[in-house]
Amino acid sequence: MNPLGFFTLAALVVASSAATPATQRTVSSHLTAQDQERFAKVFSEGLKSNDLQSLYYASANVALPAGDVTSTCKRLFTLHGESKLNDFEKNFYLIGARKNFGCKEALPAKVETAVKAALAKDATTAQEIYYNFHSAKLAGLAVDEKVRTTLGKNLQTVLKKDDSLNSLGHAFAVAAELGTAGSFAYDRIEEAFVQADEVDGKMLQFEGGLSITALIVNGGFKLATSLSKPAPITADQAVKFATYFLSRASVQTPKGVSVLLEALKLLASQKTIAPVCVRLAGNGQLLPESPVLSVRVCDLLGKPLSPALAALSTTVVSRTTNDALVSKVNLVPSKDDATLYTYNLKSASPTRGLYRVDVDAAPSYRQQLQVSVLGKVRVSSLEVGVGDTDSAASSVKRQSVAHPSKLATVLNADSQQKVVLKTALVDDASGKPITVHQCFVLLRHQETRQEIIFVAETDSSKAYKFEMDVGARAADFGHKSGLYEVRLIVGDALLSNSFQWHLADLELKFAAGDSQQQSVDAAASLRKPLPEIVHQFRAPEKRPPRFVSDLFTALCIAPLVILFGLWAKLGVNVKNFPLSLGAIGFHLGLGAILVLFGIFWLRLNMFDTIRYLIPLALFTFICGNRMLRKIARGGSSEK
């Protein structure tokens, strides 16, 4: 092989390995025993329900106690008579529940007649065909090949008018029962599944939620199976649909639980594409003294796989260093639980940290999990002391305390001093210094039980230190002098022995005086009601001087004064004034509007002015219209 060919092959191998998915045909959850118990409770409540639909779906999934059959059947027929559902739907629920309960009462003649008549005529929706067909089957009515052919043609006609998801889902379910007469519907399966919405790249669902999604998935698989066709979805799509159905395990209605269980059972039965659940058995935390990795492998319903896996291997890799702790080791199946596989990592000596677990059941299943190996923390040393505020921390005299003991003497500190603490935390196995997520120093007043917590910070040597100036922190303590417990709190998600340690008692003495009283007053004021908030309008803007206002008024009135002056000098010609109600009313209305504007300027607001203006304007308009019509008629007669 030439060098170029060798490097090309190597690049392809690397690329293919990089493209290997972290998961393959696996999901991370399954129906648990708690889910099954809750489902049983939902069905039990459904048997007591006064809803016809709930009664049917409950009867299809749980048996009715023998002593309740008579009363429940009587209630069933009463609910059917009172139901406001469509006739074809409530007839289906009645016939189905009656059969499931084993009622001795005969089926009402009008119901049986209605079902027969419905099969003989064309339906307008796929839903109607679905309910009528299954009602006939449940009632034991003969559905021969001629009827099936007629239903198939009717179904084709309906789908030409309505090809919605709801219509397609019911059509698939009916076509699966029609044999060759329903084979046409198989060509519509791809059209339906392509409309599924992908959520976060992890789930597939149809618009309409659980009912529509389960209807299409169940109907599509049943139709493909009846025609001996391949599954309508791929293995990757099956994983995403299963993930969606498992996410809806909290459904609370009998219909929802029923269709959910039907969909999960159907997906779990598809051996070529069925996803399986591979998950950790437990919380994923491995104890240092017994680091046993436990993995649970089961189907979607939580049942053992049949046939069982030939082998289940795992590779455990550190997320910190990317070094493999173990590689391709086989997990050991449990003798007591067919779904449980374990592997003891004790021989690999895992250190404290996070690990990635790659579980592989070649060639079909692959899952990626995460576990944490816990460690134990040990207090290597702890020193606590009291010194003057202005002295260096290194010069403060300290006393050593061994964990979990308590300092025999009581520490004393006043407002002119400071408290210092330094501790070194190490890994119990390796003895190396470690850092933790939480390292706090808690001071608790022994009488009032009031607490204040400080964060201890690390230095360059990974030791934790704490320093508190008593005088500067007096306000935080509310100037409350007295005996305080000093506790060290250490916690971390990767520790199996997080602890709280009462290491010493500390007598604090704060300076008494105005500052203490002010602190008490401030604390008391916080508990008093705040003053009432009263809304205030903005203060009006400052008006202009009186001279400016008068000058502006005079300028506004000047045109009117000039008009009356010219009329007085030249004379007013009123001989052509039409003496009619319209003319008089128009001028009176116009004058009234001018007067209203003047009043608005002096005292009215805009809303009051509009209320008065509207009737005046209508009156003036009508009178003006009549006056103009009379003037127009007079001009025409003179010509």
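Cβ coordinates come from backbone N, Cα and C, glycine included.
What TrEMBL records for 31-268 is domain 'Ribophorin II N-terminal'.
Confidence for the domain 'Ribophorin II third' (381-508), expressed as mean pLDDT, is 92. Annotation source TrEMBL lists domain 'Ribophorin II third' at 381-508.
According to DSSP, the secondary structure content of the domain 'Ribophorin II C-terminal' (537-632) in residues is 74 helix, 0 strand, 22 coil. Under the heading domain 'Ribophorin II C-terminal', TrEMBL lists 537-632.
Per TrEMBL, signal peptide is recorded for 1-18.
Taken from TrEMBL, the feature transmembrane segment covers 547-567 (among others).
Per TrEMBL, the feature transmembrane segment maps to 579-604 (among others).
Under 8 Å from some Cβ of the transmembrane segment (610-628) lie the Cβ atoms of residues 578, 580-586, 588-590, 592-593, 596, 604, all in the same chain and six or more residues away from its ends. The transmembrane segment annotation in TrEMBL covers 610-628 (among others).
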Exercise. DSSP helix, strand and coil counts for the domain 'Ribophorin II third' (381-508)?
Worked result: 3 helix, 69 strand, 56 coil
